[in-house]
Amino acid sequence: VSLQMMKHAWDNYKRYAWGLNELKPISKQGHSSNLFGNIQGATIVDALDTLYIMEMKEEFKEAKEWVEKNLDFNVNAEISVFEVNIRFVGGLLSAYYLSGEEVFRKKAVELGEKLLPAFNTPTGIPWALLNIKSGIGRNWPWASGGSSILAEFGTLHLEFVHLSHLSGNPVFAEKVMNIRKVLNRLDKPEGLYPNYLNPSSGQWGQHHVSIGGLGDSFYEYLLKAWLMSDKTDEEGKKMYYEAVQAIETHLIRKSSGGLTYIAEWKGGLLEHKMGHLTCFAGGMFGLGADGAPNDKTGHHIELGAEIARTCHESYDRTSMKLGPEAFRFDGGVEAIATRQNEKYYILRPEVIETYMYMWRLTHDPKYRQWGWEAVEALEKHCRVDGGYSGIRDVYNNHESHDDVQQSFFLSETLKYLYLLFSEDDLLPFEHWVFNTEAHPLPVLHKDEGNKEENQK
């Protein structure tokens, strides 16, 4: 089914928005997010590995030809370093490792080089935004006192280690190892990592902590850096398990109805809200369970299962059976969005991602059942003639579509669904680590030296 869904999403992108970043499935035209500046083709690059894994050979070939002829980084444009890294660099790296086609390696390294000026700050903590022609960087104007964002500068590690591996140029790995050095010498409030860090002073901005947006994938990349290094990156491992300990102590709570959730921390005060983005953490806790210190493996798996259950409830308690952007545990509500601007669903993958990890780790059939519920809801409410669209209010009985088919729907949501219903030997966890955009990167085995193993 996810194969047919992918075909519907891809064919319509090709028909109405080919070469543009994303598709507007209702207006049947292209959509361009300012995150990518003037770089084009986000959906193509993001979907390459999904096409390959689903054996959509003809489509993969057309996509590869587009990349060869049209993917151009010599544009005068300001881009999000984080988004371009996870979608474009990550997408090109995976396409290379899966297919062995040299064009993907070449383009990935070329783009990586274009991103390096973002690190030209007093601390080496990169800017959020970079003009890739001029090399001038800056931060989001809204971010606490000119700060860089934890989830943005903390989600470069996996891709940059692979860029060094594939180019023979150590500079990429050095840049991301330096980020850790800065973080390690800073005092962490209660062992937690605030979401804001000033790249000039090297000091924290506001003491806000979140495992959802602004924080999320930083934690994921600590664990995955250790796994991707064939468990040799002890520093990443230590940082991850210490962070999880602090998260458990200060952020994880149980509602009166028995639902475990991860709250947000604002300068010592808890906000009892959990974002859809935070739902990835169930899969993360599950994935990290095996390496957990002092007999905590079962506890981490249980934590993953609890978060999966809470996130499933956030879906189940809506009219459409699709989860809201954020949901709350206060004022007598549990796992329900109370604010109009948090009731939307933009085809996000995190809940399905957690189902996929928990399925592979436990083989409890409920995860496939919950995944199937999500498929049915997507087909019923998000599928339109021209592709798939997000929804403005999941509690409403009739759809109000947002008219965007996000590139991550093809990259992540449909890939995680496909993997949830595939055998475990498709992209097995011992050989592959998924970047935060669901792009699989191979584990760098110690004994391999530099020969690339194309394990499948």
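Note: Cβ is positioned from N, Cα and C throughout, glycine not excepted.
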With reference to TrEMBL, specify which of the listed residues Cys311, Cys382 is paired with Cys279 by a disulfide. Cys311
Expressed to the nearest Å, what is the distance separating Cys311 (disulfide bond) and Glu350 (active site) at their Cα atoms? 9
Between Cys279 (disulfide bond) and Glu350 (active site), how many Å separate their Cα atoms? 5
Closest to Glu83 (active site, proton donor): which of the recorded positions Asp216, Glu325, Glu350, Thr436, going by Cα position? Thr436
Between the C-alpha atoms of Glu350 (active site) and Thr436 (Ca(2+) binding site), the distance in angstrom, to the nearest integer, is 10
